[in-house]
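J.: Sharing a structure below in structure tokens format, with a few things to ask.
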Amino acid sequence: MLVLPVWASMLLGLLVGFLPLVGMEPTGGAKSGSSGHATNQEPLPSSSGSNCSELTLKLEFSSKVVEHEYIIGFTGYFSAKARRLYISSALRNAGDGALLEWHIVPRENPASDFPSDFELVHIRQASPSSLLTLEDHPYIKRVTPQRKVFRMLKYVPSPEPTAPCNATRGTQKWQSWQSSRPFRRTSLSLGSGFWHATGRHSSRRLLRAIPRHVAQILQADVLWQMGHTGSGVKVAVFDTGLSEKHPHFKNVKERTNWTNEKTLDDGLGHGTFVAGVIASMRECQGFAPDSELHIFRVFTNNQVSYTSWFLDAFNYAILKKIDVLNLSIGGPDFMDHPFVDKVWELTANRVIMVSAIGNDGPLYGTLNNPADQMDVIGVGGIDFEDNIARFSSRGMTTWELPGGYGRVKPDIVTYGSGVRGSGMKEGCRSLSGTSVASPVVAGAVTLLASTVLNRELVNPASMKQALIASARRLPGVNMFEQGHGKLDLIRAYQILNSYRPQASLSPSYIDLTECPYMWPYCSQPIYYGGMPPIVNVTILNAWASRVGSSTTHLQPYLPQNGDHIDVAVSYSPCFGRGLVTWPCPSPWPRRRRRGKGSLSKRVLWDQYHNLRYPPGYFPRDNLRMKNDPLDWNGDHIHTNFRDMYQHLRSMGYFVEVLGAPITCFDASQHAAHGGQREEYFPEEITKLRRDIDNGLSLIVFSDWYNTSVMRKVKFYDENTRQWWMPDTGGANVPALNDLISVWGMAFSDGLYEGDFTLADHDMYYASGCSIARFPEDGIVIAKNLKDQGLEVLKQETAVVEGVPILGLYQTPSDGGGRIALYGDSNCIDDSHRQKDCFWLLDALLQYTSYSMTPPSLSHSHSRVAPPTGTERQLPQRLEGNHLYRYSKVLEAHLGDPKPRPLPACPHLSWAKPAVNETAPSNLWKHQKLLSVDLDKVALPNVRAYRPQVRPLSPGESGAWDIPGEVGQTIPVFAFLGAMVVLSFFVVQLTKAKSKPKRRKPRIKRPTYLQQQQTTTTGKNPTV
């Protein structure tokens, strides 16, 4: 029987009227460096089609801990007097309380007069025991060090000639490791350059994207003509401020400053641009010019911000009953508890939060927080030709990994390339980035909210339901790129004006045959004995009360073979009552559907033994990537190993995901298995050895692990105020060695890199390890590589000859499987891959599946005698590491971590089949998300309309402030000039044709000829 559980992690994050559960225990997660300086350069594509551009966007980032300052979070909102009493009481109970010098840091901002749920305290010589005593107080939830973050965004010319984006540039210095990933949330704008990397560069397509306003393109003028302009809706912009007398805004209700600068004005222009897209009343028209603008200045002109600034500003937004909040910032750390908790509290208080999904595309698994939260509207970017912008981050969410499967994000996409908005002082400018797409949706949401008569119906859930139900599906794009589709303002208006509170699902249906939208579910058929695919579904509940749960029923359709599918559903304790319908359409014969598929073509990807940032510090597999040092993409076949998955599917392999211990899969159903980063249970090691003896094959792509290098790349952790080292290297080599040691195999602690050729293929070894020990009857391939470990530790360069990097081995047992080892995984990882080695993966699968050794490897000139393990020391686990804090396998035990008890395999509660029946006639049609008939909601017959703008004031300039876009107006002037010249010739030609024809005058003969004729003839001429 086919097995397909749908694990619906249906989390009710949008239950309006209920505060979220807080009090999550803080983890010792890795944070940004104390003084590390980051440079994150993202090249903009050039019109010539090259991979890199001569103009580069440079994002400089650094952060540090504010000495002696701590944020003390409380379990509720208390007055300033009560907060002081609680802190004083907690510190008196500390053993060194009498010696502590502490005081409350005054926060001079608009929220200081209201109750708050946190306090900023300065404590000198705070010991760990005193901080723990604070957290033991019944009203104190968490103690976190105050953070100071610096950001800067600017354009710089490329210092070197244009080169391939992945080219290695010379030798880098390793004097100190500086954390350069923008771990904290950063501005998601790409600057003033016009995004034109659509893959098509004809002038016609470029001209289409230049002259129009985004509000006009999305037909906001239709709603303006109906009298809806955003009036009565409070919208907050969290950014860099706004000038007081900016000519584009007429309804700025309040400007508040949450920084330590004595100004409310915008010194950078980003906040003004965002506010203009939402509510500008002239020139570059915004969506809701009559909305109430509340400007929150949370960044200084130097792009400096503090955690406490955001928390105070969020609390003030709740007090002011803000309706819509735009947050064009983001970062990868979804474990930042104070920030995430406050976002949950905002949405629980009916604040509709719109946030940018991130600019880390086209790599998958790059979603930014808070846009990846289910109760936030996460916005991706497209260009004006409806192509997904290359910079827009892709899903899935990685919160649920490694055990489960991510949710669909972004929620929606809209224009984010070359969008016009207000200039810093006047005029307009053009920017690109998902921070541009975010205010487009925020402005649309503000305008839509003003069209609803009963404002009680408008909440984060109902607005998200309307947006995703009305979105236009983009052709040829999957759901992890476009979410539910492109923003459709008019259809969303139609839905909201016929809306009744209800619960719905996102996605609303799963069709395993609908490609490419349902990728990856549609990319591989289901079959008997396969690992169950997991679909993560989110419930959107617009009711202001909780709903009960009931048993889930399956309604199979017999003629469509629905009786061959089992479905399991797991959900949160609070769940809506409903019916799960699972049709199974297929053009294939029934007997073929029950087949297992070829066992030699089935590959099992081990996702369970995977660790990623956050919560711990897990470095990149390639140490050269200092601008992106954290491994935060999930290491999943549908995120940063997506290209490998696509390649294997194109070669006819079936790739399944193991989200449970090795003891939970049937090895007789698979031919190959891959290893990862986590430790292994002893029972897993025993079972895998037994499975390989019985015919299972194993392929391991390892990475670097060197304790000296790990100490070198340490950084300062803000939560514990300690220097932290990685808990593993690029791979957990000691754990892998435990797994393969029974066959006399082991990886070394060497760290190598370099270019080489193998079987006529160009290869690049990026921070990989070598094989230290291998059976003498195996095949080993060696290459000359640079010693990168020596370069990191001593800044010296050396080439090591004959480094063993590849090993092939047939186990000696009768019918036993085969093992293949390779020391570097970067060639199959999309994150920083420079040269792929998919051909090598094919060769290894041919070997492990069919025992066919490629002649190019078995007879290679690079083949060497297998190493015996005496040449290099085997790596040992880093002493004092904290892997047990994040591990599913280890637990602390008297300073020496030991394995936990082996967890039970997941138990699937199968849905109970209902009465079988014939499929409905609309089985093949897309199911509607909401019970709204758009055809019954008619729009008035209005003409296209742009609201009247006020005239220019005396001395006021009406020029467009569009830096760097002068060249874009040249085709317009050329076109107008050509039209004038053509009109002139047409007029002249018309005049010439309209005049009556004149008779041709007769030519009179000259007089002297007449006299001569008379003399000759003697006759007088006749008159």
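Our numbering is plain: 1 for the first residue shown, then up by one each step along the chain.
Each residue, glycine too, has its Cβ placed from N, Cα and C.
Annotations per TrEMBL:
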ACT_SITE  D239  active site, charge relay system
ACT_SITE  H270  active site, charge relay system
ACT_SITE  S435  active site, charge relay system
COMPBIAS  32-51  compositional bias 'Polar residues'
COMPBIAS  995-1005  compositional bias 'Basic residues'
DOMAIN    65-147  domain 'Membrane-bound transcription factor site-1 protease-like N-terminal'
DOMAIN    230-485  domain 'Peptidase S8/S53'
DOMAIN    506-573  domain 'MBTPS1 third'
DOMAIN    600-858  domain 'MBTPS1 fourth'
REGION    29-51  region 'Disordered'
REGION    995-1023  region 'Disordered'
SIGNAL    1-24  signal peptide
J.: Near D239 (active site, charge relay system), which residues of its own chain have a C-beta under 8 A away, given they sit six or more steps off in sequence?
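T.: Looking at Cβ-Cβ distances below 8 Å from D239 (active site, charge relay system), excluding near sequence neighbours, one finds D266, H270, G271, V274, A275, I295, F296, R297, V298, F299, N326, S328.
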J.: So if I draw a 10 Å sphere around the Cβ of H270 (active site, charge relay system), how many other Cβ atoms end up inside it?
T.: 26
J.: Count up the helix, strand and coil residues in the domain 'Membrane-bound transcription factor site-1 protease-like N-terminal' (65-147) according to DSSP, in that order.
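T.: Residue counts for the domain 'Membrane-bound transcription factor site-1 protease-like N-terminal' (65-147) by secondary structure: 29 helix, 35 strand, 19 coil.
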J.: Quick one: give me the count of other CB atoms within 10 A of the CB of S435 (active site, charge relay system).
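T.: A count of 30.
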